[in-house]
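Feature annotations, courtesy of TrEMBL:
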| type | residues | note |
| --- | --- | --- |
| BINDING | C:R48 | NADP(+) binding site |
| BINDING | C:R125, C:S126, C:S127, C:G288, C:K303, C:P304, C:T305, C:P306, C:S307, C:R330 | FMN binding site |
There are 4 protein chains.
Amino acid sequence: MAGNSLGTVFRVTTWGESHGRAVGAVVDGCPAGLDLSEEDVQRELDRRRPGYSPVSTARREEDRAEILSGLFEGKTTGTPISILVWNRDAQSGAYDLLRNRPRPGHADLTYLARYGHRDHRGGGRSSGRETVGRVAAGAVAKKLLAGEGIDVAGYVRELGGVRAIIPNLDDISSLREEAGKNPVRCPDQKAAEEMIDVLDEARSAGDSLGGVAEIVAVGVPPGLGEPVFDKLDGDLARALMGIGAVKAVEIGAGAEAARMRGSESNDPIVPGTGGPNFATNNAGGILGGISTGSPIIIRIAVKPTPSISRSQRTVDLLTGKAAQIEIKGRHDPAIPPRIVPVAEAMVALVLADHLLRRRVARI
Amino acid sequence: MAGNSLGTVFRVTTWGESHGRAVGAVVDGCPAGLDLSEEDVQRELDRRRPGYSPVSTARREEDRAEILSGLFEGKTTGTPISILVWNRDAQSGAYDLLRNRPRPGHADLTYLARYGHRDHRGGGRSSGRETVGRVAAGAVAKKLLAGEGIDVAGYVRELGGVRAIIPNLDDISSLREEAGKNPVRCPDQKAAEEMIDVLDEARSAGDSLGGVAEIVAVGVPPGLGEPVFDKLDGDLARALMGIGAVKAVEIGAGAEAARMRGSESNDPIVPGTGGPNFATNNAGGILGGISTGSPIIIRIAVKPTPSISRSQRTVDLLTGKAAQIEIKGRHDPAIPPRIVPVAEAMVALVLADHLLRRRVARI
Amino acid sequence: MAGNSLGTVFRVTTWGESHGRAVGAVVDGCPAGLDLSEEDVQRELDRRRPGYSPVSTARREEDRAEILSGLFEGKTTGTPISILVWNRDAQSGAYDLLRNRPRPGHADLTYLARYGHRDHRGGGRSSGRETVGRVAAGAVAKKLLAGEGIDVAGYVRELGGVRAIIPNLDDISSLREEAGKNPVRCPDQKAAEEMIDVLDEARSAGDSLGGVAEIVAVGVPPGLGEPVFDKLDGDLARALMGIGAVKAVEIGAGAEAARMRGSESNDPIVPGTGGPNFATNNAGGILGGISTGSPIIIRIAVKPTPSISRSQRTVDLLTGKAAQIEIKGRHDPAIPPRIVPVAEAMVALVLADHLLRRRVARI
Amino acid sequence: MAGNSLGTVFRVTTWGESHGRAVGAVVDGCPAGLDLSEEDVQRELDRRRPGYSPVSTARREEDRAEILSGLFEGKTTGTPISILVWNRDAQSGAYDLLRNRPRPGHADLTYLARYGHRDHRGGGRSSGRETVGRVAAGAVAKKLLAGEGIDVAGYVRELGGVRAIIPNLDDISSLREEAGKNPVRCPDQKAAEEMIDVLDEARSAGDSLGGVAEIVAVGVPPGLGEPVFDKLDGDLARALMGIGAVKAVEIGAGAEAARMRGSESNDPIVPGTGGPNFATNNAGGILGGISTGSPIIIRIAVKPTPSISRSQRTVDLLTGKAAQIEIKGRHDPAIPPRIVPVAEAMVALVLADHLLRRRVARI
């Protein structure tokens, strides 16, 4: 109930603080018999790792995944999979000044309001470092999904006001390949260049940028999702809104649906191989909370990195008086490129859970 | 796990189909000692009820709430509160033609994909009628919140492309009063008139419109919400995305945050009475998944009513061939005005749950 | 979390008080496509109903089950099954005297300690009447189990010190038939006569008796149960200990296992048709929390009915002083005969849940 | 749902196999602000550790607890507490012979039936080594309980047919002290000597013994426990039945209650300081599933250690033919002495959970 677990059948619990000894995840409910290796997890952690490019934070973590349980002779045993990653490059000294000066845009004050007592170093539990556990668990989920022909990929759709043009959402391999070619993870190379330019400018100005990421899942069979509260879109929205910095989630036509008419918005039903099909996909692959078989399409709006080097207004907690703060740590000037593997992991975790849940829907 | 329950401590389970014998909700986890009456529930059901105006469906249900358990001498006892509403005006005949012609934009095909077998009458479980149970339970939640000084109100912000101007989100009483003056529930009376006009036009054209509703909660104390997966914003997003027809959820600055810079987006921290405060509220009252004490502000984008009288393309399930469908039932030409009390209920349910969950956060 | 729900996949929530308007249950997670009728539920409620014999309470309730949702054309739809039974014969006046005199052996004082405020009439929520909901839900579970060849039956093994001789636990049909021949539900007719005699004697003395019931489940396939906390035996123990008046639960050899040696207690593994088998069944059909395929055998020790007409010591809550209490209501002089259908229901609910949970154990 | 988590508010997830790399637990939901150190956990692990006496297995593990998260400056932060213990002395070779010869009395066949694929080394996940995580988490729970004046202690009441005489269940300190004086953890020194004698005899005969352990909790305030399915006794029964080798659980008078009359079994209510009190404690501290304020008293019947060196009948999984098995590993000749700290941990975990759950029972 304390909110560090996600999923019902395929359930992940993450633990660990930014500057604690380690971070990790326990995956409970992964079916027995899945081929899995530390490499499967490492691959995703490497995609998440900071420091891979000039647009990213300078914190360097090797982030080696160690699987401590739940595997035997290369296969999952159906018992909990405990994955651990040590924290090695935590530089807590940089945060001493911040102990009593809550950072705007961060969870400093809210953690204090809730718990009275907090690990302020690097944001503690509210740090982006917590997502190591999510990505590790997501790697297990992706392996499970792959076995059922489901593929999940994400990319940056907009950054600092620059919008990418994405011609075809269905060709997920090509989207992934193109997004992999630049540090902002945008499949539109021309837009990517512009994004890098505005990012450089913002960083020079001691500021940061927001943007939009999109995640697509193809191969999702129809029938995933539980009415009425555990809808697939509801669960996806929660999982994605639960990533730090996300302020909006859209499915399919999303916010644009509000400006459509029913005759435009409704996806016509047409005969297809293997049964009725949808001529368009404004639904984003989900109707009534249940997957339609069309690609699932989700967008998230990401606020600018709250840690900026410009001086900001805050309050000194010891004196209660107004104070200034300049954040000197190592931070990404924009979160969307780094959020991509995390968002993919969240989508994979939700889909893996619902894939298993569907098994009990019928006699 | 079958998805008909919401909440952890304050937990509601809804049941019932559009054309079944009754619909209802069981609220488990409401603390003992809360003053509650059937009138408290009836008031909210009346706000939800169709048929109150020319912009709404013609289905007429008296919708009398009966509280069957959990109350004794006007107070809750801590045991489950079972609330029942009989279905009386179900006209199932109108749906016979639709049995084998799935309606575009509805859950007909997805329920079939999931369950193999479905109650097609009036959409069965996926009908808007299911929200009777949500609103009834939400009334209990609102009563609990009121005791703590928390107030939740919603209204229509945009309809058919017409946008309202909302001067002051903090004055929730005035917003509620103004929204109550017109059938589209828009606090901007001038915009409301325009909305009614476009709505009339769309209906005449056999079509429907989408829009945007906004829900505000004031008086929410800081410290509500669980990191990292049961964040307050995550849970709100899920609860709202789980209402039929919602395609996007935004918190605070929402999608606009993606176009801001950190120096704009971050809400400055300033000294206030009773501790540090926030000078602005781009966060929408939530930071790191935990309430800040500022008003909580959420917007939902609602797609146009999928049931339209225009002819649409579908497939005949018996023959597998292309077919046409015209939906003759009784339907709202736009959902936003009617979604308001449902969305309020969902927000109230999530807040009530987290209000109680906060009680165990500290020694 | 408030404890009125049981099960994970196949999940029942019961509601209602002894002297409230109705009692009921919502079953969420029953797979779609199960043949089910009100008669299936009625049959079990009739077995539970009081008033069928001289050894039982005189309260007369018709107890008609009404299924309000989740069924369509004779089959479950996968949506919640709401079952309601009206309370008609509640005579609350008899309880007025008890309002401020807590009854020994009952939950009166503990409910007060917990909730501050309670419905004292007939024990309110802690009444045996709450088991109507359990038995109704259990009837659905039994139907699901029957489709998989699983049969559950219970009977009285001991009453007021009289022990039955049960020759063969495997012949469940014969056990059921024999137990159905007498009002104490004991398959040993000779013992049954003695039990009735001691029961008559105890009642005449204004007293009550305890006893032991046994529940057997045959046809349970191997592989049901989750290590390490949701073990099948753990879940059964919880479900049965959670019936009012149960003070001990044993599986297989049970308490006797404590006096065995390993060489006696271990069930030898022997070749069988379809794989290894067990030569004996001290395990009671469960090893390491997972079913073995042998019959599941559970015994519960039931305390004497706490409501007795003899004078007992209590405290007057208004004065805080010692007082006497004589309970005049309508009560069974012994609970074991009436606990049988309830215990069967609990076992069926747990097995149905684990039957479905097993579906996600492997790739 | 996969059964490796226990508790609702105070929730523990254990992970790890007997011969895997490590075992551990994640405690989620421990309130912020609790004083906690690795020493608190180590103390309990040392009590659980094998190899401390001639009556115990020879496996030697240092079992150093490492707390990897959730602590800051000596206090819990409200975030997950991850505790890890490395496996160092695993001698897997001894188990190679057992891979295809399932051991009677163990979970070998049932894990195979469930998962198809299993880690056979040392029993894998079904090994007693899994209880390291339980005891570590239980240490955190005990710390929380201690702050509220609740104390939990266990001891051996019967072993190999030798019964201890326990004069006074209320003096928990003395029970703990006396039980600590001998390796069988029996507070009756004379009985302890006899127990050691029969244990020596059984071991010499290549056999093993069962017994009974009792756990007492004092200082538990009234009002803990949720009706109707999450009763305190139900949850305790589940937690204790879920320890390997436990075949029966009794509360208070337990099985003896079945032979009492209501006039004996009912605990008279008498005036006490601070309100009504109970003159006796046949209820074992729980009525209607809710704590009474009297000591909670639970007994568990433990079967003999299934691993014995005598030859036993089994089946060779490769040939499907009858075979013999002699188990050469390092095993305790009786489980009750070692089960004591585990059972205490389970009781502490359940009480900690319900202590927190009570906080939301009233307005």
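Glycine residues also receive a Cβ, built from the backbone N, Cα and C atoms like all the rest.
Note: TrEMBL annotation is automatic and uncurated.
Note that the structure is predicted; figures quoted are calculated from it, not measured.
Sequence features, as recorded in TrEMBL, placed on the structure.
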{"residue": "C:R48", "record": "NADP(+) binding site", "DSSP class": "helix"}
{"residue": "C:R125", "record": "FMN binding site", "DSSP class": "helix"}
{"residue": "C:K303", "record": "FMN binding site", "DSSP class": "coil"}
Euclidean distance between Cα atoms of C:S127 (FMN binding site) and the residue listed as 'NADP(+) binding site', Å: 14
Binding-site residues among C:R48, C:R125, C:S127, C:K303, C:S307 whose Cβ lies under 8 Å from any chain B Cβ: C:R125
Candidates C:S127, C:T305, C:S307: member of the binding-site residues with the richest Cβ shell (10 Å): C:T305
Lowest local Cβ density among C:R48, C:R125, C:K303, which the record lists as binding-site residues, within 10 Å: C:R48
List of the binding-site residues C:R125, C:S127, C:T305 facing chain D, defined by a Cβ pair under 8 Å: C:R125, C:T305
